[in-house]
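Novice: Right, I'll just put the structure down here and ask away after.
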Amino acid sequence: MKAFLVALVVAIELTLVFAGCPTIVSKNRWGGQQASQVQYTVKPLKYVIIHHTSTPTCTNEDDCSRRLVNIQDYHMNRLDFDDIGYNFMIGGDGQIYEGAGWHKEGAHARGWNSKSLGIGFIGDFQTNLPSSKQLDAGKKFLECAVEKGEIEDTYKLIGARTVRPTDSPGTLLFREIQTWRGFTRNP
């Protein structure tokens, strides 16, 4: 009985600690393929790199799932990546979608993949901001990643354009993330 009560208390504490964590739509649920090869990372990661997918946005799980299947197909079959390049993606519906996932190296920023978590906002944010649902989900996801010990408490948040020649994460999203916790121009 004592062991049961201890287990129950631990379960309740974990629920309270991670209560703010958004649900993550698994790769299996959105119809993604498994990676052809995996390189693992060591947590906690020091950097978070924000991207946009340069695609139309999506507003519900079915639409986002179709978009992700297409992105993964492009990454794996055209760019010869082992998986979709991002660790996680955030849809216009405000849901977090699993990409390469936790503890796995993405293919989103050459030279930075082993030490960063790559988050792709689904859409093109050169002239439009992501939805408020996307932005809120992004902030909550980062808080959750810190709470879970996946990224350092003093993580550095950067836009993809800071570490490689690209417009990503788009002009307006880049401007937005400059107001977020951990943002730096000089990683």
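The backbone N, Cα and C atoms fix where each Cβ goes, glycine too.
Sharing the record's features from Swiss-Prot:
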- Cys21-Cys144: disulfide bond (DISULFID)
- Cys58-Cys64: disulfide bond (DISULFID)
- 43-170: domain 'N-acetylmuramoyl-L-alanine amidase' (DOMAIN)
- 1-19: signal peptide (SIGNAL)
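Give me the lay of the land around each of these features.
Specialist: Cβ neighbour count for Cys21 (disulfide bond): 15 (other Cβ atoms within 10 Å of its Cβ, all protein chains included). When secondary structure is read from DSSP and collapsed to three states, Cys21 (disulfide bond) falls in the coil class.
In the three-state DSSP scheme, Cys58 (disulfide bond) is classed as coil. Sequence-distant contacts of Cys58 (disulfide bond), defined by Cβ-Cβ distance under 8 angstroms and a gap of at least six in the same chain, are Cys64, Arg66, Arg67, Gly91, Gly92, Asp93, Ile122, Gly123.
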Novice: Of all the disulfide-bonded residues here, Cys64, Cys144, which one's CB has the most other CB atoms within 10 A?
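Specialist: Neighbour-count leader: Cys64.
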Novice: So how many of the residues in the domain 'N-acetylmuramoyl-L-alanine amidase' (43-170) end up helix, strand or coil by DSSP?
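Specialist: Across the domain 'N-acetylmuramoyl-L-alanine amidase' (43-170), DSSP assigns the residues as follows: 40 helix, 30 strand, 58 coil.
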